[in-house]
Structure formats: C-alpha cells, structure tokens
Amino acid sequence: TKVTDQHIYLVVNAGCRDKDLAHIGEHMEAFNKKGGDVKWHVHDERSLLALQGPLAAPTLQLLTKEDLSKMYFSDFKMIDINGYACFLTRTGYTGEDGFEISVPSENAVDLAKALLEKSEGKVRLTGLGARDSLRLEAGLCLYGNDMEQHITPVEAGLSWAIGKRRKAEGGFLGADVILKQLQEGPKIRRVGLLSQGPPPRSHSEIVSNSGENIGEVTSGGFSPCLKKNIAMGYVKSGLHKAGTEFKVVVRGKSYDAVVTKMPFVPTKYYKPS
C-alpha cells in the first residue's frame, strides 16, 4: 500500500519471506547503483494480529479514536490503538470484514487481551485452521497449494491483479507467458468444486466420468458454513465451466463432483455507505 508518495508498506507472505526479501533487496541494490535513492526497514520488531468478522469493527472502535467507518476494504492508516502505535489495514484473508493490525511486539499480547475483553467474550482467539476454512469458502488462493511459482495469474483466475499499464506495456517478470495466455487462453484453469463422499484434499486426482485424468485438487475440506464438501483445483481448459461434472478420487475411490462458481460463501468486504 502507498502510505505517502515516498513511502510504501509491504506485507510479504510469511512462507515466501526469504526469497521475497532477497528479490526486493537485489533490485534495490541495482537501483541505488544507478544513482537511485531507496532504503527499507524490515519490521522484525512488530507482530501482526488479524481481527476478522462482523464484530471486528465495533470491537476495534472501542480501542481507537479514529473513525473506522470511513476506512474502506484495503485502506491503510497509521493510528493509535489502545495507546500503541499501529499500522492498520482493513483487510484479511477470510472473506469477512476485518483488520490486520501491525503492533510493536512488546504490546501484541496486551492488545490481543484488550480486544478479547472489550468484546465481552464475543471475540475469540482462533488459529490457522479456521482461517483456512474461511479463505476456502471465500475462494481465496493459498500460496503453496493453489498458487505456486509455476502457476500464472491467468491460470489461477487472478488476471484482475495485473494492472492495465502492465498489460499494455509488458516488460514484467513472466510477461511473455502471461500476455500470451491473456490473448489465447491458458491450458489449465482454477475452479471451485462441490463433491460427494469424504472431503477431497490437496493432490486428490480429478478424473472424467470415463476415468481419464483431467486435473488435481489443490485445497479442499468440509465447509462449516455450507455443511458440505468444497474444494479448489485445476482442470483442463474447456472443463472449467460451472455445472461441468466429473469425479474426484479420495483414498482410491471415485466420488461425484461438479464445478461451481466462487466464492462458495458471499464475501462481506466493507465499503463506506
């Protein structure tokens, strides 16, 4: 996010931290050698709390003077929360309204306790298992499962993340492959699935009704909101339309599955009225 014309704030994927920092550092060094002027600070002294769901805004509002109703989804502010200097982004990886709060590490536990206390027990601590089922219901990709370095944004259904200028000018990493796919279409596509039987998991095979391999599940599980199996995976182009039927193989047995539109559960991102 752009904080000012001279300052951007990045939150990298934790699993990609080392390679992302190496990549950014390499380009900064090259830029500075050409006479540029850029420096960074890696916030190892801060922790990140994710506060998500319908009670996120009313609970957080009790701990800050900033009017949170004016913050839209993906907006960023540097504000005081419970007396701590925080970086606040109205975002999260659950499909719900919520916030990611970057707080000095020495204040992180106290801030978590304050959020629990102010909600009078309605906000609860939870872990990545709940986050994973929520992001799957919202049709959001997980790096290392649904996104990898060899998967393009076009194949993953994430072309919206490539800006118009990038599409017009090219010149970015992977542009040769990506621009061609935008024009001609990719060979595989990410789809949402509903299935029968036990929930499919990552690497479950997707087969045609005649038994031919046509793809693979990348994320799957039981949806607590829908009370049914949901999954994401990649199939051959042409088989990605909603309503297309095939089978998923779970522990050696085939079960009926059908392509369905995502998100499985409607998202609730906040826009000021």
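Just so you know, glycine gets a Cβ as well, placed from its N, Cα and C.
Listed features, source TrEMBL:
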| type | residues | note |
| --- | --- | --- |
| DOMAIN | 2-164 | domain 'GCVT N-terminal' |
| BINDING | E100 | substrate binding site |
| DOMAIN | 189-265 | domain 'Aminomethyltransferase C-terminal' |
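Model confidence over the domain 'GCVT N-terminal' (2-164) is summarised by a mean pLDDT of 96. DSSP labels the residues of the domain 'Aminomethyltransferase C-terminal' (189-265) in these numbers: 0 helix, 44 strand, 33 coil.
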